[in-house]
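Structure first, then comments.
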Amino acid sequence: MTAGPTSAAPTVTAVLRACPLAPLEARVLLAHALGWRRTELITRGGESLDPNALAAFRMLEARRVAGEPIAQIVGVREFYGLEFDVTPDVLIPRPETELLVETALAAIESIPRPRVLDLGTGSGAIAVAIASARPDARVWAVDRSGAALAVAARNAAKLLDPGRPGGPIAWMAGDWYGALDGASPASPALQFDIIVTNPPYIASGDPHLDEGDLRFEPRGALTDESDGLTAIRSIVLGSGPFLAIGASLWIEHGYDQAASVRALLMAAGFADVRSLQDLAGIERTTGGRRV
Ligand code: GLN
């Protein structure tokens, strides 16, 4: 077959080849524009795109070329095997944060009906992943952004069994532990078996804030507008009354913050303080146990 005139409807394969984006990104966006599964782009690669489908793809392509994150363009991102809705109101779930979920699940493995608190839940990725893996867990999740909590609640509705024994996730609006004031009249001294958090930990001057996906994510989810440790300090220092004896606190942090977070936890009297490496070999999460 010879190449037709440029006005002829191009095939799926030809559109993908001519796309300036990375091949995987081009396939994700074209599949989204067509409403196809990604494998269909291969099995149906010889089909021509009608003008409407092509125009729809060109719009998505232009948004990506302008820098908009793929997850925001298609509105979803897979995390811990679950497909989370994503909007510009939430941090896009990151693969390295699955380490925090794994670590939390291991920490509560032998605790029946564990009480879990997720601080700064954003899209709800951590809270929902834990609630999904542990249907008996009772989960509370805090965020100061009402818009983020709306996304998180939608994700829970989409991804969790409504009849899970642990009940629905309790979404709380406010700043860290402040959100829990008067949370439950039945438990004035609400205590948890584990607290997990992926707080804003990028320092305000970090050039990464002006690069890639981060430019399009909520700034308040990324940086404390200070040295990067403000949120982590508040979370560690305020944790005492909310952790049962023997309960643990696990914090995701920046690539160069592990020693600082360990020092904060040890100064606050935590035992078994240690950092864990993500798949890239970076110390990414640090935790300890209240004694
Ligand atoms: N891990 C994110 C990044 O470096 C930052 C998320 C956060 O501040 N919690 O892109």
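Cβ coordinates come from backbone N, Cα and C, glycine included.
Per TrEMBL, the feature domain 'Release factor glutamine methyltransferase N-terminal' maps to 13-75.
What TrEMBL records for 97-204 is domain 'Methyltransferase small'. For the domain 'Methyltransferase small' (97-204), DSSP puts the residue distribution at 39 helix, 22 strand, 47 coil.
According to TrEMBL, the S-adenosyl-L-methionine binding site annotation covers Gly120, Thr121, Gly122, Ser123, Gly124, Asp143, Trp176, Asn198. Sequence-distant neighbours of Asn198 (S-adenosyl-L-methionine binding site) (same chain, six or more apart, CB under 8 Å from its CB) are Leu91, Thr97, Leu100, Gly120, Gly122, Ile126, Ile251, Glu252, listed in sequence order.
For Asn198, Pro199, Pro200, Tyr201, the entry in TrEMBL reads substrate binding site. Non-local neighbourhood of Pro199 (substrate binding site): Leu119, Gly120, Asp224, Ala231, Ile232, Ile235, Ile251, Glu252, each in the same chain, at least six residues away, with C-beta under 8 Å from its C-beta.
Cβ-based neighbour count (10 Å, all protein chains) for Gly120 (S-adenosyl-L-methionine binding site) stands at 24. Long-range Cβ contacts of Tyr201 (substrate binding site) within its own chain (separation 6+, distance under 8 Å): Thr223, Asp224, Gly228, Leu229, Ala231, Ile232, Glu252, His253, Gly254, Gln257. Looking at the domain 'Methyltransferase small' (97-204) alone, the prediction's average pLDDT is 94.
Recorded residues Thr121 (S-adenosyl-L-methionine binding site) and Pro200 (substrate binding site) have their alpha carbons 11 Å apart, per Cα-Cα distance.
Among the binding-site residues Gly122, Gly124, Pro200, Tyr201, the ones whose Cβ sits under 6 Å from an atom of ligand 1 are, in sequence order, Pro200, Tyr201.
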